[in-house]
Structures are given as C-alpha cells and as structure tokens.
Amino acid sequence: MSKIRVLSVDDSALMRQIMTEIINSHSDMEMVATAPDPLVARDLIKKFNPDVLTLDVEMPRMDGLDFLEKLMRLRPMPVVMVSSLTGKGSEVTLRALELGAIDFVTKPQLGIREGMLAYSEMIAEKVRTAAKASLAAHKPLSAPTTLKAGPLLSSEKLIAIGASTGGTEAIRHVLQPLPLSSPALLITQHMPPGFTRSFADRLNKLCQIGVKEAEDGERVLPGHAYIAPGDRHMELARSGANYQIKIHDGPAVNRHRPSVDVLFHSVAKQAGRNAVGVILTGMGNDGAAGMLAMRQAGAWTLAQNEASCVVFGMPREAINMGGVCEVVDLSQVSQQMLAKISAGQAIRI
C-alpha cells in the first residue's frame, strides 16, 4: 500500500522540522517536502503532488487563508490547518474550515517541540482522515432558506446533535435555516477549548436562533442551541419540570471529551421519545451507542448520508449498530428533524 504523501507549509523552521519528524515516524505516511511560505508551496505542490497539505494559518508573504481560498478554487486537495490557541487563531481556523480545510491541529503555547510530539498520534490520525475525506462533500455550502416550524406544543421537545471531522460546516448548514420557534438543540462537536466559544459566537451571528457555548446549570430554552465546551462533557439533566445543562470533567469517552455518546445517553434518559437525535459527519464511532440508546428510548434518530459527509465514520457506525431510523442528505437534515419534532413521531425497537 502506498504511503500518504504530505507537504507541510509553515514559516517556522522548527515547526517544519517537528512536522517532518512526526509524519516520518509513522510507516504509512511520508513528508515529501516542506515550504516556508505559500509561494514556495505552490511550486512544490505541482512538483510532488501531495495527498495532504498541512498549512500554518498565519504566515508572511501570503496569508494562509488567502492561499487556502486560491488552492480550493484552483486545485482542491485535503488540507489540515495548524493553528494557535489564541482567540484570533480560533476565528481564523473556523474561517479555514468554512473555505474547505478538512481539520486542524493546535500548536501548544509553551514547549512546542514536546507538545507537538505528544500530539504525534493525533496529528497522524488527522492526516489519515484527511487523505480519505470526501472533497466533493466539502464544497462551500450556500446559505439555506429559512424553514417554517410547526407549533412547538411542548418545551419538553429537543434535538441532540453530534459531529466531528467536517462537522463545523455541517452544523452551520443545519442551524442556519431554523426559525425562532425551533425546539432547543444540544450539540457536541469534537473541538479543543477556546474554539467552541468562537464557533458558538460565529453561529450566533449567522443564525436566527440563539447559539452559545453551554454553561453548567443553565436552563435549556426553545429557540436556542447549546454547544458543548471544548475538553468538557455536556449532559442533559432535569431541575424540577425544566431541562438544564450539566457540564463536567469526566474521563474521555471513545477518546473524546466532549463525547457525543455522553450527550446522547443523557438525552435518552431524560427526554426519551420527546427527542430527535442527529449524527453528522465524523471519524470513529463516538455517538453510535448513544444513538442506539436514544432510539430504544423512543427518540427519532437521523444520520447524515455518505454522499454529503466529509468523513462517513460516525454515521456509518451508528447505522451498523441499529441506532438510526432514517438516513438523509445534509440538505434535508434541518427539515426532517423539525418535521419529526412537530409531528411528535417516535419509534421503539
């Protein structure tokens, strides 16, 4: 089997050296070239035809975003962004994902060599995922038109969504058309700390419903979406007659914190047939067991189809486990989940 050919673009010689060490330490990939800036990278891409590009977000001569935008228009290829953990870094990274980057890794703020080498397995996994990702499914999505929701007969109704690789854009596409009369949404997207707040703020500006990073103990309200904070689990809990959010630092589940399974299991327990579960694009199996629990509790469950997924991992696992009632294209997810909530449809198996 041929190795995954990687090209790294970073203005830091140290980062280029570290990325080369990491990539070449894995037998299924190789660093074919490195470039100090996008202008040099342009020629190296033509020469080496890499399978995956790792790209620093902030660089001299040509901004990483400008280069990414041109690259995706002229020669689309899988890109993993390398980002700082700053507020500006998270905003730029979210814009990069919007432009077509598959995923991102964050630079540690202190001890870059030790920190990056500690992330070696994670970086390799993201490169492998990017190499297999569907670029066709990652074309920039046009803003969907606003949907009409049926009357929300009960504040007990809610929607739980889980996603990973490719999920930031998929979630945007699902939330943007939702009207203010939508039920509450609880969302777990695999993301590091700091990025989830920027992600929520970005969505809040684009959507009619309110979108925010979830806080421990807050009441769950219709017309609002709550994003699990990075590196913390989010669960649905009850306080008397009302739903509320529980945020905690439990151990990683399926190697993830926040974990989709943690959210889905709590929704199965607290909301049962009043919930709709949605699993979107992502690598791995997080959410599959939780979605089965939701379906067994009477919830209607949806999975994004393979054709519209950047990575058809999590939906496939949920389908194979028997937890999915319906498989739909990303363009139909918003409409279908509102229809099921309004109709009060649920299924028991």
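Each residue, glycine too, has its Cβ placed from N, Cα and C.
In the three-state DSSP assignment, the secondary structure recorded for Ser164 (active site) is coil. Per Swiss-Prot, the feature active site maps to Ser164 (among others).
With a 10 A radius on its CB, His190 (active site) counts 25 other CB atoms from all the protein chains. Secondary structure from DSSP puts His190 (active site) in coil. Per Swiss-Prot, the feature active site maps to His190 (among others).
In this view, Asp286 (active site) is surrounded by 30 other Cβ atoms within 10 Å of its Cβ, with every protein chain counted. Residues annotated as active site in Swiss-Prot: Asp286 (among others).
Per Swiss-Prot, domain 'Response regulatory' is recorded for 5-122. Secondary structure counts, DSSP: the domain 'Response regulatory' (5-122) has 57 helix, 26 strand, 35 coil.
Sequence annotations record features per position, and here Swiss-Prot assigns domain 'CheB-type methylesterase' to 152-344.
Here Asp56 (4-aspartylphosphate) comes close to Val9, Asp10, Asp11, Ser12, Met15, Gly64, Met81, Val82: these same-chain residues lie at least six apart in sequence, with C-beta atoms under 8 angstroms from its C-beta. Look at Swiss-Prot and you will find Asp56 tagged as 4-aspartylphosphate, backed by sequence analysis.
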Exercise for the section: Express the predicted model's confidence over the domain 'Response regulatory' (5-122) as a mean pLDDT, rounded to an integer. Expected result: 89
